[in-house]
Amino acid sequence: MAPAGQKKVSRIHVQLSVCTPSHAKLSSFFILFNTNVTNFYATCALPQGILERLDAGEVVIGDGGFVFALEKRGYVQAGPWTPEAAAEHPEAVRQLHREFLRAGANVMQTFTFYASDDKLENRGNKQRFTGQQINEAACDLAREVANEGDALVAGGVSQTPSYLSCKSEDEVKAIFMKQIEVFVKKNVDFLIAEYFEHVEEAEWAVQVLKTTGKPVAASLCIGPDGDLNRVSPGDCAVRLVNAGAHIVGINCHFDPETCLKTVKLMMEGVKKAGLKAHFMIQPLAYHTPDCGCQGFIDLPEFPFSLEPRILTRWDMQKYAREAYNAGIRYIGGCCGFEPYHTRALAEELAPERGFLPAGSEKHGNWGSSLALHTKPWVRARARRDYWETLKPASGRPMCPSMSTPDSWGVTKGHADLMQQKEATSQEQLKALFDKAAHSH
């Protein structure tokens, strides 16, 4: 056993970073010591909390999109998008956490998206595990991997079918309370209320989360036009801060450019109200210039044909720099974000963070490792100006560059959104198929 306050190690990375004044270059020297000596310990200070890090101006890199990544790997079912894989296939969730940690993320968010009881049992979704079992397993996995590096664990809740079905405030809050009881028991470092289309429900979530005494972040999945009740981003942010959120921002539904625009509006609103908060951003890894107010779920390509819209690693570096320059210090990603996207954020912000992530050991800065390639025309691409100015082709000559969103305008209270435990019937599906046919 290691002495109290110390951590047993078999590998030590000593990182020495040299930055030019312009931050144009970052050289990282890794000295690796391997040892099998069982009595060798390194004294480790307890990691700072999320607010201490942000108060100090530190860049916090969030992880990426678990439901999309694990769906592609065969561990999550598209449609319900529920996270039973945390209990059913823990090795898959653990590995994805590790890849994001290696890529530079220093927040391990529990894989508890849509892990509320009402969502887990909605529309015939069959479960072998209870909500409590899924939430507990997700907390354990996130903590296990966070302890392998300098990462914090964030317990997350998201919007509920109960709210969309017009259940009462007390009923919706009771759903959140069941999840946070697990988060408190597992002693997560902070809490996130994320993926809310209506600021009212997000306020209710924040009010529940703040009863724990832990730091609270709140993230809406809205664009510059505001939430689905047309509450502006600035007013949404003010309401969340007044509800008790320490960190506010945007996640999912839109690309980095749109999310940045929206967070800036939130920042203006908070400043105008004379309030203070930290800001976060975790956008999609898909280009969405053609989206309406409900974001990428309105796109006809959602969810199985979005790949042509994926941002490159170089797009991600641009996003990271623009987010940092806007004053945002919690910078991460959501659906579509793979570990290499997260690594791009960490590499772009390495001058500010003072180090490169472990995942950069096999990745040359701006393609520099291509100098090792056999083909001379590929070696000629080992430079920043090539990749920074490239206009990637899709290879799909008959495909449009943008789509027409469905824009059905369905939101809270609509019959098609009402919660039901039974599977969607063939009659219900036929009505939707007919509606879709007449909407195009």
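Placed from the backbone N, Cα and C atoms, the Cβ positions cover glycine too.
Taken from TrEMBL as is:
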DOMAIN    48-349  domain 'Hcy-binding'
BINDING   Cys252, Cys334, Cys335  Zn(2+) binding site
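Of the chain residues outside the Zn(2+) site list Cys252, Cys334, Cys335, Gly65, Phe68, Tyr195, Cys221, Asn251, His253, Gln282, Pro283, Leu284, Gly333, Gly336, Phe337 have their Cβ within 8 Å of the site's Cβ mean position. Using a 10 Å radius centred on the Cβ of Cys252 (Zn(2+) binding site) and all shown protein chains, the other Cβ atoms total 27. Summarising model confidence by region, the domain 'Hcy-binding' (48-349) averages a pLDDT of 96.
In sequence order, Gly64, Gly65, Asn251, Cys252, Gln282, Pro283, Leu284, Ala285 constitute the residues six or more apart from Cys334 (Zn(2+) binding site) in its chain with CB-CB distances below 8 Å.
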